[in-house]
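One structure is given here, and the rest of the page talks about it.
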Amino acid sequence: MEALKKQAGIKAAEFVQDGMIVGLGTGSTAYYFVEEIGRRIKEEGLSITGVTTSSQTTKQALGLGIPLKSIDDVDGVDVTVDGADEVDPNFNGIKGGGGALLMEKVVGMATKDYIWVVDESKLVDPLGSFKLPVEVVQYGSERLFRLFSDKGYKPSFREKDGLRFVTDMQNFIIDLDLGTIPDPEKLADELDHQVGVVEHGLFNGMVDKVIVAGQSGIQILKASK
Ligand code: 5RP
């Protein structure tokens, strides 16, 4: 599995050219992409500016000597490479397994060429086996938890080291154990309109390309937009 993630991450780096503003994703697959960008800067003299999607990736990028800017200090992002937890045949996906969904969506929305890197186990139909992360403000989060529970969404507060997980933006995450998501658009719309929800992990139709690493090689799936 690790080898497949690495293949996908390295392949994605081929889409990066000199002078680009590059969104740097979060997670164990995006990690290999960021590592490869660091290598190309050192060994090939590649000149890019990175925009990170989490404090975790910021730390990795700084360690590799990748020049960084905030999303607020760039006009747009040329290409972003990020991981995903699930991808369906309509190019809808679940993200946020690493808790970085809010920054990931902000950077993804600002990107011209938005690429996901996954191993083949992430391709599903329908979405929903992976628990859907919902980032919520701390104030009123118990009320939201009860509301999700009443709807049968089987919520759980994400925890880390025995404490409630707090995102880079100081919010909580409630994971919804939905099993299947028959209508991702409808659910996204419902969550978008829920006061207290900052963002959710449904990334519907946002991605341009999905680089899939499998036992039989690399496949690049392109969304028609
Ligand atoms: C972090 C994410 C990740 O991209 C997603 O969880 C996939 O991670 P991995 O490549 O480690 O499986 O959305 O918030």
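Residue positions begin at 1 at the first shown residue.
Note that Cβ sites are derived from N, Cα and C of the backbone, with glycine treated the same way.
Note that TrEMBL annotation is computational and uncurated.
Features of the protein shown, as given by TrEMBL:
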ACT_SITE  Glu104  active site, proton acceptor
BINDING   Thr26, Gly27, Ser28, Thr29, Asp82, Gly83, Ala84, Asp85, Lys95, Gly96, Gly97, Gly98, Lys122  substrate binding site
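Feature map: annotations from TrEMBL on the structure.
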| residue | record | contacts (Cβ under 8 Å, 6+ apart) |
| --- | --- | --- |
| Thr26 | substrate binding site | Thr52, Thr53, Ser54, Gln56, Thr57, Asp82, Gly83, Gly98, Ala100, Met103, Glu104 |
| Ser28 | substrate binding site | Glu2, Lys5, Gly83 |
| Ala84 | substrate binding site | Gly93, Ile94, Lys95, Trp116, Val118, Lys122, Phe203, Val207, Val210 |
| Gly97 | substrate binding site | Gly27, Gly83, Asp85, Phe130, Pro133 |
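Sorting the binding-site residues Lys95, Lys122 by the number of other Cβ atoms within 10 Å puts Lys95 first. The binding residues for substrate are recorded as Thr26, Gly27, Ser28, Thr29, Asp82, Gly83, Ala84, Asp85, Lys95, Gly96, Gly97, Gly98, Lys122; their greatest pairwise CA distance is 16 Å. Note on the recorded positions Asp82, Glu104: the fewest other CB atoms within 10 A surround the CB of Glu104. Within 8 A of the CB centroid of the substrate site residues Thr26, Gly27, Ser28, Thr29, Asp82, Gly83, Ala84, Asp85, Lys95, Gly96, Gly97, Gly98, Lys122, the other residues of that chain are Gly25, Ala30. Taking a Cβ distance under 6 Å to any atom of ligand 1 as the criterion, the binding-site residues Lys95, Gly97, Lys122 reduce to Lys95, Gly97.
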